[in-house]
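Student: Sequence annotations record features per position, and here TrEMBL assigns domain 'Potassium channel inwardly rectifying transmembrane' to 29-169. Per TrEMBL, transmembrane segment is recorded for 64-87, 140-164. Summarising the annotation, TrEMBL assigns domain 'Inward rectifier potassium channel C-terminal' to 176-328. The region 'Disordered' annotation in TrEMBL covers 347-371.
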C-alpha cells in the first residue's frame with residue numbers, strides 16, 4: 001500500500017508492506033541487475049565460466065578480483081617453487097656435503113622455503129643474490145625459460161584485466177539516474193506514461209536510444225513480453241536523442257494498441273503482476289564507448305494521476321535543475337480541476353432538480369385552491 005505525505009519540500013510517496021509479506025519478485029532491480037538465475041548441472045555451469053575467463057574476471061567484484069589475482073600469483077610461485085626444489089633434490093644440490101666436483105643447478109636452494117624465495121625473485125625479476133641458476137645445468141635453464149614466459153603472460157592478463165575493469169563504460173552508466181516512480185497523466189487529450197532520466201555529470205552523452213519491454217503474466221502463459229515504444233518529450237518519430245545533458249522525460253502514449261490501455265480505461269490504475277524494464281543506451285563523448293543504464297518499474301511504482309515538477313528552471317540568468325525534486329512526483333492538478341468542475345456540475349444539477357420539484361409543488365397547490 002502506498003500513500004503520499006506532504007512535507008516542507010513537497011509530496012513524498014511512502015509504500016507500506018506487511019512485516020510478514022514476501023517481497024515482490026522482479027526481473028531486474030532498480031539499479032539494473034538482473035535477478036533471473038539459471039539452473040543447470042554444476043559441471044556445465046563451471047565450464048561455461050572457465051571458457052569465457054575474460055568476461056568472468058571483468059564481471060567479478062573488486063574484492064573477489066583482488067582475491068583471485070593474489071591467489072593466482074601465490075599458486076604460480078608455489079608451483080614453480082616445487083619444480084625448483086624437485087630439480088635441486090634430484091640433482092643432489094640439497095645434500096649436506098656434496099661432491100666438490102658436483103655442478104649445482106641453483107645455488108643455495110637447500111629447502112622448500114629457499115626454493116619459494118627463488119621462484120618469487122625469478123618471476124618478479126628483482127635480481128638474484130646468493131641464489132642464482134647455473135648455465136651449465138640444462139634443467140635449470142629450461143625451467144627458467146618456462147617460468148619467465150608464463151609469468152609474463154600472467155602479469156599481462158592481470159594488468160589488462162585491471163585496466164579494462166577501470167575503463168569499463170559501466171562506471172559511466174552509474175552516473176545516470178532514473179526516476180524511482182513512473183507517472184500516468186494526461187498530455188493534452190491523451191493519457192501518457194512518463195518517467196525521467198538525469199545525467200549527473202556535466203559531460204554530455206551522445207546518440208541516446210531507449211527501449212522498453214513489459215513483462216507480465218497473460219492468461220495461461222507463464223510469461224508474456226511486449227515491446228513498449230517511448231518517445232522523447234515531443235520529438236515524435238525520433239528514435240535517437242543526439243545530445244543528453246539536461247534531464248529527459250520519456251513518454252508512452254496510452255492508445256488502443258498500448259498494453260496499458262485497458263487497465264487505464266477500465267480499472268483506472270495499473271494492475272499488479274507486471275514489470276516495465278527500461279534500457280537506455282548512449283555513447284560517451286570523451287571516450288566514445290557505449291554505456292547502458294537499466295531499471296524497472298513494477299505496478300506499485302507507476303503512479304496514476306500524478307505529474308513531475310519542472311526539471312529545468314531559469315535562475316540568475318542560467319538554466320539549472322534540482323536533483324532533490326527530481327524524484328518527487330506530485331498529484332496532477334488537472335485531475336483536481338476536472339474533479340472540482342465535475343463536482344460543481346453535479347451540484348448545479350441537483351440544485352436545478354430541487355428547484356424544479358419545488359415549482360411543480362407550488363403549481364399543484366394553486367390549482368387545488370382555485371374554484
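Placement of Cβ uses the backbone N, Cα and C atoms for every residue, glycine included.
Annotations in TrEMBL come from automatic prediction, not curation.
Since we're looking at a predicted model, the values are computed, not measured.
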Student: When you scan the chain for residues with a C-beta under 8 Å from the transmembrane segment (140-164), skipping those not six or more beyond its ends, what do you find?
Tutor: 54, 57-58, 65, 69, 72-73, 76, 80, 83-84, 87, 105-106, 119, 122-124, 133-134
Student: Can you tell me which parts of the same chain pack against the transmembrane segment (64-87), counting only residues 6+ beyond its ends and a CB-CB cutoff under 8 A?
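Tutor: Here the qualifying positions are 57, 93-94, 105-106, 109, 111-112, 115-116, 118-120, 122-123, 137, 139-140, 143, 147, 150-151, 154, 158, 161, 165.
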Student: Write out how many residues of the domain 'Potassium channel inwardly rectifying transmembrane' (29-169) are helix, how many strand and how many coil, based on DSSP.
Tutor: 89 helix, 3 strand, 49 coil
